[in-house]
Amino acid sequence: MELLPYLIAGLVTGSIYGLTATGLVLTYKTSAVFNFGHGATAAVAAFLYYSLTVTHGMSWPLAAVISVLVLGPVMGLGFELLARSLTDAPLVSRVTATVGVLIVVQAALGVAYGSGTGQLRQVEQFLPTHAFHVGDTIVRGYQLIIIAITAIAAVSLWLFFRVTRTGVAMRAVVDNADLLDLSGTDPVRVRRLAWMIGTSFACASGVLLAPLLAQLNAINLTFMVVTAFGAAAIGGFTNIPMTYVGGLAIGIGQALLTKYFTDGFGSGLAPALPFLVLFVVLLVMPKRRLVERQSAARLATARRMPWPVQAVLGIASLVVLLLVPSIFPDNVNDWSEGLAYMLVFLSLGLLVRTSGQVSLAHVSFMAIGAAAMSHLAVDHGVNWWVAMVLSALIAVPIGVILAIPAIRLSGLYLALATFGFGILLQYMFYAEDYMFGSFGLGLTIPRPSGFEDDTSWYYLMVALAAVTALGMLAVTRSRLGRLLRSMTDSPTGLSTAGASINVTRVLVFCLSAFIASGAGALHAATVTFVTGDNYQPILSLILFVTVVVSFGRDPWYAVIAAFVVVVLPTLPLVFTQSDNTSSYITIIIGLLALFIGYRPAMVAFAARLPIPSFGVRRAAPEAASETPTAEVVSTRPAVRTGSLEVSGLRVQFGGLVAVDGVTISAPTGRITGLIGPNGAGKTTTFNACSGLNRPTTGTVVLDGSDAGRLGPSARARKGLGRTFQQMELFDSMTVRENIAMGAEASRAGANPFSHLMASRSASQEVATITAESIALCGLEDIAHRTVGALSTGQRRLVEIARCLAGPFHLLLLDEPSSGLDRVETERFAEVLTRVVEDRGVGILIVEHDMSLVTSICDYVYVLDFGKPVFEGTASEVMAAPIVKAAYLGGDELEAELDVLEATTDTRPGSPTPEEVHP
Ligand SMILES: Nc1ncnc2c1ncn2[C@@H]1O[C@H](COP(=O)(O)OP(=O)(O)OP(=O)(O)O)[C@@H](O)[C@H]1O
């Protein structure tokens, strides 16, 4: 019986978590934008309710209606517009926009209501508080009402999805908005409704939660509702009933943990539970259940300033920095802090800006570095410089742990995992003796001997920051930097070119963690004394948003960010010192994030205005370069002989059998065609060959050995290159850089050391091969152009040139001529023939251009409805009635297939036309 009070308390908070989590999942399901500001919405509602009832004396029912049923839909509409605006935005922008909402709300509520503990703001319980007795346990009326209200809301939502037309339409929006459009239902209206309901759920949670809290606090309230993330994870981010149950389970779990673990390490378990759940679910949930509905494209980058300008700016900055102790003698430590943060921003920028990934846990690395520095240098008397290096290194294994979700998931789920990790660290480990200790007394961090005073420490910081920043610059310009940029633009393109992107991801996390942790130690040595409060997880969110909204390329965005966030508020010339200066800056940063989020919508709106100059001008794609007709020559050595043998291949997507019983042989020295009408299963076959999908049955044998267990990059390193129907190019890079990556990716391979650096001879080799591929495909004139700005035909040629630059002896080309004009196609055919004749390369080509197929293919396989229907020489294929039937479709084809099926004793695809038509 003594458990009962805990169970009831857990059920109450759990049902509120469940309510808010269902709202979150609803909006995510219908718009693919995960709202990090969901908890902030609840906080706004709670504070509005507080103001209306406590400050303005409004009756609670009216205040509740305004805070939930008016505020919810209004904010929902704002979020829907944001989500719509972000439809085609890179992942980083999506996360930034809603995290921007969170930090704006937190900072603004802090300014408006005070974030200190001085102002005690409480909301009285407005629901009935009558007591009932269940055994010895007292149960209050409001507890039962809260459980009932939330359960009714969740069940109604579930029924709404099952029964009503709009609900079914909402589910359809998730699956295919375009189809919904065709059926006459407006997907925007459906999404708008989803956001209005979802946001109202968050507001209701805020209002219901407010009276249960000892006091209203914007940060706590936001994070308490963020607990919904854990519940959403239990529901797999899509299943509403399971999400609600997840909320209940977390609420009850927390209550029980509070009962059984009252002190020590265990006491952190209860608050950490939702994030523990989130982290574990993300680690163990089958990958296919975490299908992402967006790619992790990188942010648009600013144009690089010319080197002389950068050098002058660099020297000028250094001069200003050296003069700081004379100009701002009272603020020297603030500038040292700024330098430490500049390094944190650079480390975060490496992840976010260069590799397009999201980390919402960078403050955790700073905390780890600071704590390690103190324990090593103070408690264990380790030499300061050694302690410094160890404090940076200690975060590397943690970077590896974080990289596991990055490998498995990437994108949004990685953002959530890092967010969960940061909070987990705070709740479970900050109070441990090996971090900041349970008494909150804090840690002292020493400075090295000779640099104890602020001014000499500052000069040391300038030197360390300059060296580290230059090192980071070297990294972004090294092979690793090129791999990161390629990975962000097209992970598939990079892995099928031969680089193991798992190694790339682990490396970038480790490097970023290393710098952030080291910078954390330097920052701590600047302030000389830190507690866990210096490293609140909210700070990670602010750092992330700042690094995104800052401008300029590396290292300038980090310099600007550090100056604005750390140094500017302390300059007496700019701000009169007040507690709220940092909050105002945070609000501005958050609003900039929102501006980035809404910009596509604003641009679209402006384009509709009848003022000509407001229209968005699109750069016209450059006309295809004059294609030289000169003889193309390949000077690279002949490849080794080998072959790609596919047999009995069957690939299924759920109930759909996309490929069934396909057997193909593509040896070197020959061009083999694979043709068939749309949807015949050609690309699926290619994907199975290159390891991008897993066959249900059948084998893929490369040069005599089974490749079934190898991933795409390993197959590429074994000599299998490919191009894609939907081109997988590195859009933000130039033509030359794209083609060079074709040669460089497999040299980086799966070895972390070869990821990091390239020998001079290897770089020379890459440059030679790149130049030859460019010449082979006639791309000299556009070699300097950014690939994203090219015409389709030019992009096709770039992808082919990139593939030709790789060390491949077998190439899979998926509709390579689509988008090429006649002259380009002719030249392309010539290039392929040359490559096969001169170097002995083997090509398996999917093509719809029949004249190209007949002119270059030695042997052709024909697929239809996933099954092989014919194979033979190009002329045999052209003459075969079954092939004509497959392309024309209709009854004729069905008759052909019936006959084909009747010939069960022959291998599919082998019957000759005579056998089919005796
Ligand atoms: N990832 C997937 N999930 C579900 N179905 C898929 C998937 N990929 C392909 N399909 C389906 O498998 C079938 C074969 O598609 P595939 O793209 O391989 O055909 P294709 O011959 O390459 O067609 P096209 O010439 O139009 O490119 C189609 O019905 C397609 O809708």
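Cβ atoms are placed via backbone N, Cα and C, with glycine included.
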Transmembrane segment according to TrEMBL, located in which of 33-52, 213-232: 33-52
Listed stretch, out of 193-212, 268-286, 411-430, 456-475, 581-598, that has the most CB pairs under 8 angstroms to the transmembrane segment (307-329): 456-475
Whether the transmembrane segment (411-430) meets the transmembrane segment (268-286): three or more C-beta pairs under 8 angstroms: yes
Whether the transmembrane segment (58-79) meets the transmembrane segment (33-52): three or more C-beta pairs under 8 angstroms: yes
For the transmembrane segment (335-352): best-contacting stretch of 33-52, 193-212, 456-475, by Cβ pairs under 8 Å: 456-475
Spatial neighbours of the transmembrane segment (33-52) far in sequence, C-beta under 8 Å, 6+ residues away: 20, 23-24, 27, 58, 62-64, 66-68, 71-72, 75, 79, 82-83, 86, 94-95, 98-102, 104-106, 109, 112-113, 121, 123, 198-199, 202-207, 209-210, 216, 218, 221-226, 228, 237, 412, 415-416, 419, 541
For the transmembrane segment (6-26): best-contacting stretch of 142-161, 193-212, 456-475, 556-575, by Cβ pairs under 8 Å: 193-212
Integer average pLDDT (0 to 100) for the domain 'ABC transporter' (639-890): 89
Seg_contact(the transmembrane segment (193-212), the transmembrane segment (142-161)) with at least 3 CB pairs under 8 angstroms, min sep 6: yes
